Structure formats: structure tokens, C-alpha cells
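Visitor: What Swiss-Prot records for 19-469 is topological domain 'Virion surface', and it gives sequence analysis as the kind of evidence. Under the heading region 'Fusion peptide', Swiss-Prot lists 55-174. Sequence annotations record features per position, and here Swiss-Prot assigns N-linked glycosylation site to N181, N340 based on sequence analysis. For 259-313, 388-410, the entry in Swiss-Prot reads region 'Trimerization', with the evidence type similarity to another entry. Under the heading transmembrane segment, Swiss-Prot lists 470-490, citing sequence analysis as support.
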Amino acid sequence: MDLFPILVVVLMTDTVLGKFQIVFPDQNELEWRPVVGDSRHCPQSSEMQFDGSRSQTILTGKAPVGITPSKSDGFICHAAKWVTTCDFRWYGPKYITHSIHHLRPTTSDCETALQRYKDGSLINLGFPPESCGYATVTDSEAMLVQVTPHHVGVDDYRGHWIDPLFPGGECSTNFCDTVHNSSVWIPKSQKTDICAQSFKNIKMTASYPSEGALVSDRFAFHSAYHPNMPGSTVCIMDFCEQKGLRFTNGEWMGLNVEQSIREKKISAIFPNCVAGTEIRATLESEGARTLTWETQRMLDYSLCQNTWDKVSRKEPLSPLDLSYLSPRAPGKGMAYTVINGTLHSAHAKYIRTWIDYGEMKEIKGGRGEYSKAPELLWSQWFDFGPFKIGPNGLLHTGKTFKFPLYLIGAGIIDEDLHELDEAAPIDHPQMPDAKSVLPEDEEIFFGDTGVSKNPIELIQGWFSNWRESVMAIVGIVLLIVVTFLAIKTVRVLNCLWRPRKKRIVRQEVDVESRLNHFEMRGFPEYVKR
């Protein structure tokens with residue numbers, strides 16, 4: 001099935017008076033960090049589109065903006081067993097290899113390493129020196145714990161940490177497991193009272209039919225930071241001693257529920273939330289449920305997972321591939337780019353943004369509202385082949401700026417969007433350090449290294465490299481032959497160099513004995529002669 005006709009329908013953006021509405025980070029620069037292997041986050045799909053002829057009312061309310069910004073400082077604690085293996089063959093050669101093994105750090109390991117990191121005394125000693133024993137395979141081991149800064153997102157309503165690196169996308173403790181079994185995440189500061197945070201004024205647009213009864217099923221809501229959300233599941237809920245609306249995506253906004261929409265109070269339109277209802281702001285917020293939207297979600301998800309498959313296979317990526325990882329709706333999400341051949345990610349808040357077209361000479365647009373004056377959208381660029389790259393495949397060719405996702409949505413693609421560059425993840429958090437301390441002619445690999453003194457494994461090791469084994473056997477045979485010839489040569493020379501007198505004495509003794517023998521046999525005459 002050809003995906004491009006579908007993409008034209010799926011990715012078409014809203015057009016207002018010749019301008020495109022897209023979603024884009026609300027900051028010009030982000031905090032980037034390398035993507036570790038096993039990360040496969042895919043964003044929520046495009047928002048539902050509602051009838052634009054409906055009446056609209058602007059509701060002014062407040063939403064929490066977090067005790068911290070949209071990201072939180074913290075550290076990833078990596079632990080690994082660094083192994084130097086010496087394979088000392090019985091016939092002489094030594095084979096030295098190095099490997100790094102996954103090892104889950106303990107709380108005490110990370111606390112000690114973090115304190116050393118803050119003191120500036122945390123160092124990487126590298127691989128231990130080899131220890132070799134004849135005809136055996138010997139491992140020298142060293143446990144290394146490293147700490148690296150890592151920002152995560154924050155759920156403003158529950159205080160949970162959110163990041164694709166966490167199993168399930170979130171963590172509520174101060175010692176968080178990650179999808180990488182040799183790494184854990186530790187926050188820089190402890191969580192405080194969630195209600196002590198500040199609340200930001202937000203304008204939420206409520207749309208509804210111009211005629212007919214006002215019931216919750218006929219409402220829809222959206223803002224600069226929120227996708228279009230149906231009102232069927234909206235309910236009234238208290239948060240931090242304030243009344244407000246809990247929306248379909250799980251988020252909440254405080255407002256006066258006694259104000260009216262078309263002479264009907266909000267409290268009379270929407271029901272109270274049932275006991276136990278949770279409000280949340282994660283990377284996986286819920287959305288509307290319709291057949292068309294679900295089909296779109298499946299297509300978006302398959303394109304996103306196809307990009308992650310390429311990342312797992314360490315294939316080069318194009319700007320178009322990166323664009324499939326970007327969110328399609330406003331709100332919290334992840335951004336991706338390529339830095340020095342390595343895939344990086346960052347937490348971002350996506351806001352509705354209006355641009356002139358998918359390809360522009362200046363990277364400017366209106367953030368939040370269509371009527372806002374254009375402003376600079378992005379200023380952080382990284383090398384990508386002959387071009388520069390920003391978030392989610394945004395390409396700077398030197399002459400123009402291209403948004404791949406929105407160009408292909410309009411059926412416009414060119415060779416620039418297919419420019420390839422390396423964008424591999426980090427296989428192991430300590431691999432870059434290993435390469436910096438290991439000679440280039442040595443080998444780094446994962447898995448079990450070294451064997452015990454099992455004789456079967458030992459013999460198998462002898463013939464692991466048949467060319468060297470054959471040469472060694474030939475050398476041993478030649479050594480035996482040369483040794484044998486040397487011994488024979490010494491014996492022959494020894495015989496040749498013995499004095500002649502000894503042989504004469506033997507002959508005289510032999511003649512005398514023969515004469516005595518004849519005399520005893522009765523031949524004296526013969527003896528006298």
C-alpha cells in the first residue's frame with residue numbers, strides 16, 4: 001500500500017489565511033542528552049479536528065506550571081564490570097580482549113559516586129591490567145560506577161518524574177529504574193508539596209454548536225498548549241483547594257465553574273468527577289477515540305516505530321525519519337536531533353505555531369496565537385552532512401529552512417529530506433569512556449568473556465584460530481625434527497673424534513686370545529710358528 005496519499009490526508013495542517021498551523025517547541029534551545037539503547041518512545045498522534053463553524057467562548061483559568069521547569073535536574077548512575085581477559089595458549093601466544101558487562105548499581109554505590117562527582121574526585125580508571133596464567137583463560141575485573149547529568153520531565157499534578165527512559169514512562173520515587181538494566185536515575189533535589197507550585201494563567205477555547213441544547217458531548221476544548229479534546233469525558237474536580245475542569249487527556253485547569261456559557265452555568269453542563277479520578281500530565285496523555293483517529297494513530301505509530309527499527313539497526317537516518325518521532329499535537333513531548341553522529345533527545349513543551357509554509361527563508365513564526373507577530377523559532381543547530389539540523393528533522397540547507405513532516409504532508413519531498421547521516425544510540429553508557437582509554441587495536445565487546453579451566457573449552461580455545469594453530473603445529477614439528485638431527489649429529493661427531501689407540505688395544509687382546517685358544521686345542525706347532 002502506498003503511504004504517501006495517506007500521509008497527505010493524515011499530516012495536512014490547519015491553514016488560516018495562507019498560514020500553516022504546526023506544533024513546535026516553545027523554546028529556541030533545549031537541553032539535549034544522548035539516547036541510550038532500548039529507548040523507543042513514540043508520541044501521541046495528531047489531534048482530532050472539529051467543525052470550524054461552531055461558536056467559541058474563551059475561558060480564562062489557571063494551570064500548574066510546576067515547582068521546577070518542564071525538566072528536572074538529576075543524574076543517571078551507570079554501573080558496569082570492566083573485564084580484561086587473557087587467553088594464554090599452551091603453545092605460546094597471549095590474546096588480550098576487553099569487555100563491559102551490565103551491572104545494576106546499588107543505592108550506596110550511586111550515593112558514593114554522586115558525592116565524588118560533586119567533589120570532582122570521580123575518575124574512570126579504565127580496564128584493569130591483564131593477569132595471565134599458562135594454558136588458561138584469566139579474567140581481571142573492576143567495577144566502575146559513573147554519574148552523568150540527565151534532565152527529565154515533571155508531572156505538574158502528581159509530582160512524578162516522566163521520561164521515556166523509565167519503564168512505563170514515569171517514576172514516583174527518588175531512585176528510579178530505567179529501561180537500561182545497568183542504569184538508575186537519581187533526582188538532584190527531593191520533591192516538595194505539589195500545591196506549593198505556581199499556577200499560570202491560560203486561555204482555553206471552548207467550542208460548541210451555535211444552536212441546540214448545551215450538553216457535555218457537544219463541547220470541545222483546546223489551547224495553545226492543549227490538543228483538541230472532546231467534552232464527553234470532561235468533569236469538575238478540585239485540585240489544591242481550587243475547582244476546575246479535568247479534561248480528556250488527564251490534565252486540569254482551575255476556573256470559575258459558576259460562569260455561564262450561553263446563559264448556562266459550567267457546573268450545570270459538566271458532572272463532578274467520580275471518586276478516585278486522577279489528574280496527570282505525562283508524555284502519553286489520552287486522546288479522543290474515533291475510528292478515523294485510531295487509523296491515523298496506527299499509521300503514525302508504525303512510521304515512528306520504523307524509525308526506531310533503523311536506530312536499533314544503526315542505520316543512517318534522514319530528516320524525514322526524525323520527523324516521524326515528533327509530536328503531532330501541542331503539550332509535553334520529546335524532541336530529537338543528531339549531534340556528532342549520535343541520536344539525542346530533549347524534553348519540550350509544544351505550542352501551536354503559525355508559519356508561512358513548510359519551507360521558509362527565515363525561521364520565524366507566530367507562537368500561541370495567529371495574531372502574534374512572527375518571532376525567531378529556533379537558534380540551536382548541529383552539523384548534518386552538508387547541512388545543519390534542528391529538532392525533529394528541521395533542516396537548514398544554508399538558503400532555506402525545511403520542515404520535513406509538513407512538506408511531505410503537502411506532498412512535497414526532495415533529495416534534501418532524504419539526506420542521510422549517522423544517528424546511532426549509545427549501546428552502553430560507559431562505552432565512550434572505554435574507547436577513550438583503550439588502544440585502537442584492542443577489542444571491546446559485550447557478553448561473557450573468558451572460560452574456566454574446563455579442558456574441553458580449553459582445547460576448543462586452542463583451535464579457535466585455525467591458521468595460527470596450524471602454524472604453531474608446523475613450528476613444533478620442525479622444532480622436534482631439528483632437535484633430533486642435532487642429537488644425531490653430536491653422536492656421530494663424538495664417535496669420529498675418539499682416539500685410535502683404544503681400537504689397537506682391542507685388536508691385540510683379540511689376537512692373543514685367539515692364540516691361546518689354538519694352543520689349548522692341541523696345535524702348539526702352529527702357535528710357535
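Keep in mind that glycine also has a Cβ here, set from the backbone N, Cα and C atoms.
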Visitor: When a 10 Å sphere is centred on the Cβ of N181 (N-linked glycosylation site), how many other Cβ atoms does it contain?
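Guide: Taking every protein chain into account, the count is 12.
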Visitor: Over the topological domain 'Virion surface' (19-469), what is the model's average pLDDT?
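Guide: Its mean pLDDT is 81.
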Visitor: Do any residues at least six apart in sequence from N340 (N-linked glycosylation site), in the same chain, have a Cβ closer than 8 Å to its Cβ, and if so which, in order?
Guide: F382, D383
